[in-house]
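Student: Once you've had a glance at the structure underneath, I'll fire off some questions.
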Amino acid sequence: MREKGAEEKGAEEKGAEEKGAEEKDAEQNVPSDGEEQQGPHDLVYDKADKEPELHWRTFIAIAAMFLLNLTQVFALQGPPVVLSAMGKDLSGESIQTWVPNALSLVQAILCPVIANASDVFQARKAILVGTCLLSFIGAAIAPNATHIGSVVAAQVLIGFGFASVPLAYCVPSEILPRRWRPFVQSGVNLAGALGACAAPLIIGSLTERNPHTGWRFFYWIQMALWGATAVGILAGYQPPRRHNGLDHVNFWQKLRHLDLPGFLLLTSGLTLFLVSLNLGGDAYAWSSARVLTTLLIGLAVLVTFGVYEIKGTSTGILHHELFRGGQQRGRTFGLCVLLIFIEGVLLFSFIVYYPALTTALFEQNFFLLAARIQHFWLACGFATLPYG
């Protein structure tokens, strides 16, 4: 009896120890207030604690990321400087503002979708190469344009490459040791500043020499840059092995995890809103039914997008996890988004309207016009080095 009692007591103590160990493990697996729960979209890298090794492909990939950022800003900054010449050459002064706006609109809409799809489908390399090739095609279409609508369509295709800008910052952090990442991120920004300096000067000089063919040569140069970027990414970028919670589902099931309703609402709302802003005051009066109807419908769709992102989904374009965590996380992130939004409004206003304003009031020479904005981008380039 004593032996049986001792055995039962030992079994109870062993069971209590196992239960305590399980509870301890469970507590460790439950994230604290400052930690995020891992979702099915979150990537987990194999051998995450092991530093990436440097080899020749790494340097090619980093050079390709530098060239990608340079080319993206090169495509954005060039056309606004000679927008008046492009509109006059193609008899499209009334819609010439759509040349830079088309690229920016595609970038604003596709950025979150591309970033999300690259994780869900684990297709970062394919997306980078594919978007660069679409931009390559767009840059090849623009020089042969006989109507400004063709240039706008070309800019839409170029916008696909510009929309991959978030991935240009992800790749260096994947393939480099930690100590080199801040330095290389600064280099990526510096490459963008170089593109912002070079594009206005190149297109301004070419267009001043020949208003009909100058800006067309600029697109041929841009085409070569997109092609070189695609080749560099294809040859050098080798994504590290990783997995997520969607590895074992098929394509259509993965597609359902993309925020397609939010994407459609954002696309239609932004398009209608921007169309109304471009129609008003130029093609039609602000009080006309066409402008007001388009404007109000666009605003209504954007409000619907906001309501859907708040009430209809928690993992969409406006992922709820980003705004949780109290003052130290959620509020800080929301404030940063607001500040970046204000910065974007100011930046794109400067990019699009400052050249037009300067042309109308101060300077008719396109090269000198480009020179007037160089100090801004030079300051950006030098400032990014200590920030990195």
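A Cβ is built for glycine as well, from the same backbone N, Cα and C atoms used for every other residue.
Quick paste of what TrEMBL says about this protein:
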type: COMPBIAS; residues: 1-27; note: compositional bias 'Basic and acidic residues'
type: DOMAIN; residues: 58-388; note: domain 'Major facilitator superfamily (MFS) profile'
type: REGION; residues: 1-41; note: region 'Disordered'
type: TRANSMEM; residues: 54-75; note: transmembrane segment
type: TRANSMEM; residues: 95-115; note: transmembrane segment
type: TRANSMEM; residues: 127-146; note: transmembrane segment
type: TRANSMEM; residues: 152-171; note: transmembrane segment
type: TRANSMEM; residues: 183-205; note: transmembrane segment
type: TRANSMEM; residues: 217-237; note: transmembrane segment
type: TRANSMEM; residues: 258-279; note: transmembrane segment
type: TRANSMEM; residues: 291-311; note: transmembrane segment
type: TRANSMEM; residues: 332-354; note: transmembrane segment
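Structural setting of the listed features?
Tutor: If you average pLDDT over the domain 'Major facilitator superfamily (MFS) profile' (58-388) in this model, you get 85.
Tertiary neighbourhood of the transmembrane segment (95-115): same-chain residues 75-76, 79-80, 83-84, 86-87, 127, 131, 148-149, 151-153, 155-156, 158-160, 162-167, 258-259, 263, 266-267, 270-271, 274, 278, 283, 317, 348, 351-352, selected by CB-CB distance under 8 Å and a gap of 6+ residues from either end.
Beyond its flanks by at least six residues, the transmembrane segment (152-171) meets 61, 65, 68-69, 71-72, 75-76, 79, 95, 98-100, 102-107, 109-111, 114-115, 118, 124, 127-128, 131-132, 134-139, 141-142, 145, 185, 188, 219, 222, 226, 237 of its own chain at Cβ-Cβ distances under 8 Å.
Among residues of the same chain six or more beyond the transmembrane segment (183-205), those with a C-beta under 8 A of the stretch's C-beta atoms are 62, 65-67, 69-79, 81-82, 168-169, 172-173, 176, 214-215, 218, 221, 355, 366-371, 373-374, 377-378, 380-381, 384-385, 387-388.
Taking Cβ pairs closer than 8 Å, the transmembrane segment (217-237) reaches residues 57-64, 67-68, 70-71, 74-75, 78-79, 125, 128-129, 132-133, 135-136, 139-140, 142-143, 154, 158, 161, 171, 175, 199, 202-203, 206-207 in its own chain, all 6 or more past its ends.
Non-local neighbours of the transmembrane segment (332-354) in the same chain are 76-77, 80, 97, 100-101, 104, 322-323, 373, 376; each lies 6+ residues outside the stretch with a CB under 8 Å from one of its CB atoms.
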Student: Who are the chain neighbours of the transmembrane segment (127-146) in space, where the CB to CB distance is under 8 Å and they lie at least 6 residues beyond its ends?
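Tutor: The answer is 68, 71, 75, 90, 114, 117-118, 153-164, 167, 171, 216-217, 219-220, 222-223, 226-227, 229-230, 233-234, 237.
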